[in-house]
Amino acid sequence: MDLINSTDYLINASTLVRNSTQFLAPASKMIIALSLYISSIIGTITNGLYLWVLRFKMKQTVNTLLFFHLILSYFISTMILPFMATSQLQDNHWNFGTALCKVFNGTLSLGMFTSVFFLSAIGLDRYLLTLHPVWSQQHRTPRWASSIVLGVWISAAALSIPYLIFRQTHHDRKGKVTCQNNYAVSTNWESKEMQALRQWIHVACFISRFLLGFLLPFFIIIFCYERVASKVKERSLFKSSKPFKVMMTAIISFFVCWMPYHIHQGLLLTMNQSLLLELTLILTVLTTSFNTIFSPTLYLFVGENFKKVFKKSILALFESTFSEDSSVERTQT
């Protein structure tokens, strides 16, 4: 995965390092770096607070368990933002070494896959709870949710391994070090055969990432919530619309925030430096930062009257947001 560094494979020796951010104006680079630093500070504090409340101050339910790990995926993503910002300020020079280069890319991939997988799991959980209440009463337990959580982390880690392997540091002739993908895992950067291999692997990685990390979860979530919405409209199962609003907010925020990333990665395949490529890169950095920082806050405040929110304690707000909907659990199909 590439947010700041867009170099994936090489066309010829004169374009040994192709990085779209080289074309960014200094003001744009400063805005991106400042946004990343601020997002890192805010995200660490807010997401850390949310995790503490969900883990130690609330009863462990399927809801709280799934949302805890969803927010944990966002918290992990905030840990890499300072590295992105520092590299951005140094014109994408990477001075943290090869090991951190690999960890950086692997963590970025892990954060993306886990967040979308947990959003899908939350959608499936709501689908089962609403349309299969009898099965849910018998099987939908924190232990069952723990197995789902374990499966999500294992799947996301497995899908992130290639990006951990392919990521390497590259030294150009001017002494600049970049953290970039070397899909052929070869030190022969100028070989035409290796360039062609890198291109094919890059295309394969893009397609698999787009299908598994975006398109398939999108269809799963759309199916689940279409069925849930139909059932809710038919029987008026929920006491309030808050649970549905919380999940829809999580879904919309994720797809709005990650869509620019996939568009940017698709544009990279065209190998054309353009204003659109530059704009999508800036938008990608800003929206993914927003996703990791503000999405958890939206879960808490959506559907609430702000005057009431500010009068509530943090714990009461969490309990109101993530409480199980008992009316759905009791409904029989």
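Quick reminder: no glycine exception, Cβ is built from N, Cα and C everywhere.
Record features, source Swiss-Prot:
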| type | residues | note |
| --- | --- | --- |
| DISULFID | Cys101-Cys179 | disulfide bond |
| CARBOHYD | Asn5 | N-linked glycosylation site |
| CARBOHYD | Asn12 | N-linked glycosylation site |
| CARBOHYD | Asn19 | N-linked glycosylation site |
| CARBOHYD | Asn272 | N-linked glycosylation site |
| TOPO_DOM | 1-30 | topological domain 'Extracellular' |
| TOPO_DOM | 54-64 | topological domain 'Cytoplasmic' |
| TOPO_DOM | 87-103 | topological domain 'Extracellular' |
| TOPO_DOM | 125-143 | topological domain 'Cytoplasmic' |
| TOPO_DOM | 166-209 | topological domain 'Extracellular' |
| TOPO_DOM | 231-246 | topological domain 'Cytoplasmic' |
| TOPO_DOM | 269-283 | topological domain 'Extracellular' |
| TOPO_DOM | 304-333 | topological domain 'Cytoplasmic' |
| TRANSMEM | 31-53 | transmembrane segment |
| TRANSMEM | 65-86 | transmembrane segment |
| TRANSMEM | 104-124 | transmembrane segment |
| TRANSMEM | 144-165 | transmembrane segment |
| TRANSMEM | 210-230 | transmembrane segment |
| TRANSMEM | 247-268 | transmembrane segment |
| TRANSMEM | 284-303 | transmembrane segment |
Criterion met for the transmembrane segment (144-165) and the transmembrane segment (247-268) (at least three Cβ pairs under 8 Å): no
Dominant neighbour of the transmembrane segment (104-124) in 31-53, 65-86, 210-230, 247-268, by Cβ pairs under 8 Å: 65-86
Candidate with the highest Cβ count within 10 Å, taken from the disulfide-bonded residues Cys101, Cys179: Cys179
DSSP three-state assignment for Cys101 (disulfide bond): helix
